[in-house]
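Chemist: This is the structure, below, for whatever I ask next.
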Amino acid sequence: MGRNHQVYGGGGGTMSRGWSCLFYLLVFLTEILLFGVLILSLVWVYLFKDGFAWRDDIQRQFNLHPVLMITGFIFLMGNAMLVYRLFRCCNKLASKLLHTFLYLLAVPCIVVAMIAVFDNHNLREPPIPNLYSLHSWLGLITMGLFGLQFVVGFFSFWILLCCEQGTSSFRSNMLPIHSTFGIITFMLAIATSLTGYTEKAFFDL
């Protein structure tokens, strides 16, 4: 008698072995892209931009901006989004803790990256205006959505656990909204990064 091969999938249910292989192949390719963009950013800074510095060299201090933004918004946020797909077979609380931890790690990366770019503009002689380009406007929108996502997510999926039974319906309704805006924020982060690298390449010509 034949067997219907089923495995537990990242989405929380069962799927065929073929779909499972495709799923994990896509995850593997996604991780290659996430690690790849971070590694390439580091290589670019060290080979062509003389590495990093702090306020003693504002040009090299600026190099922290793209690398840390890539780290926070793309690498860490991208992996945070994958947690629930990869570890649905594990304890739900553990997945939630890892998801939150990755988001928390992104916060100092974003803060230091913003300090680096503002210092690079403000400490020049003469200073460069801040927040004047499409890249900076997209960045503000992305950071605003990121902050909103974090606050709403922390309140909805952590604070409201104090009244788990009474808030279960609200949290269930919030989940697809939180997931959708997470994807939107991630896509905006990619668009912001592309405009930033394009802007930097244009200024360096």
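The backbone N, Cα and C atoms fix where each Cβ goes, glycine too.
Not my notes, these are from TrEMBL:
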| type | residues | note |
| --- | --- | --- |
| DOMAIN | 29-205 | domain 'Cytochrome b561' |
| TRANSMEM | 21-47 | transmembrane segment |
| TRANSMEM | 67-87 | transmembrane segment |
| TRANSMEM | 99-118 | transmembrane segment |
| TRANSMEM | 138-163 | transmembrane segment |
| TRANSMEM | 175-197 | transmembrane segment |
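Locate each feature and note its surroundings.
Modeler: Same-chain residues lying 6+ beyond the ends of the transmembrane segment (21-47) with a Cβ under 8 Å from its Cβ atoms: 9-10, 15, 63, 66-67, 70-71, 74-75, 78-79, 82, 85-86.
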Chemist: Under a criterion of three or more Cβ pairs within a distance under 8 Å and sequence separation of at least 6, are the transmembrane segment (175-197) and the transmembrane segment (67-87) in contact?
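Modeler: Contact between the transmembrane segment (175-197) and the transmembrane segment (67-87): present.
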Chemist: In terms of Cβ proximity under 8 Å, which residues at least six beyond the ends of the transmembrane segment (67-87) contact it?
Modeler: 10-11, 27, 30-31, 34-35, 37-38, 41-42, 45, 52, 94-95, 98-99, 102-103, 105-107, 109-110, 112-113, 116, 139, 142, 146, 182-183, 185-186, 189-190, 192-193, 196
Chemist: List, by number or range, the same-chain residues at least 6 past the transmembrane segment (99-118) whose CB is under 8 A from its CB atoms?
Modeler: 61-69, 71-73, 76-77, 79-80, 83-84, 130, 143, 146, 150, 153-154, 158
